[in-house]
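> Quick one: the structure is below, questions incoming.
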């Protein structure tokens, strides 16, 4: 493992109350965002808000930028454009079903991309009921992932460790959701996929710290060290590894943000935020929660 830091002795848990206060603010912000989403006051994508979906086939490859330019000229600026598995097909999603919008899109594409022979293959209306069901399914997916984390950590470690990991994961998901709400970013299925990916990343980061804590618990002689001191020691020991892992993953997410195209832009942004928040929570949220649930007494074996 690459070492970018020497031996450190930082009192991370000495700052636990400040960190937990900051984390509570982020969680509250995320919960507020959930209520706003439920009330339909957030920037919801077509999958959640309902709208119109058009699948268009071309005779030649077409870029999203070309289609975006054509739609902008036609006054359609809020369309969500996605590439399909074949480079000759695209998907256009619109939140609002304006009268004659399908004809407007077809006319604009045929006039500006005549050589590529655009043809609307299918049109799907996404009604409010489908949007509500999608919201419920997305919430269920997040809750199921959280429950899985709780069970996995409880089996691998101890129950209070599972609470710490679950709180840290919940914290990360709520923080990213809250930030996206503040930035007025679109909440869609791609974003939900990012949240589930963040949950998995957060768990991996936390398990690295917990694994070192468990390892050190087996090495420390009875009555020679408090649990807080042992946790600080463990976090410092894996700090370099945590930073290297986070930076490596972050570089990939940043590259995706700048070069991944329009469709993956918000996914990459969510991942960048999730990596930063997840690294923070594995140090300042998961371990302090475990410490607060247990007793900061001399270790007994």
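Glycine is treated like the rest: Cβ placed from N, Cα and C.
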> If Swiss-Prot is the reference, give me the range from 190-210, 211-231 marked as transmembrane segment.
190-210
> Looking at 101-123, 239-261, I want to know which stretch Swiss-Prot calls transmembrane segment.
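When 101-123, 239-261 are checked in Swiss-Prot, transmembrane segment belongs to 239-261.
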> Per Swiss-Prot, which of 74-94, 137-157 is transmembrane segment?
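Going through 74-94, 137-157 one by one, Swiss-Prot flags 137-157 as transmembrane segment.
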> Quickly jot the same-chain residues contacting the transmembrane segment (137-157) by Cβ under 8 Å, restricted to those at least six beyond its ends, or write none.
48, 163-166, 169-170, 173, 189, 192, 195-196, 199-200, 203, 207, 210, 214
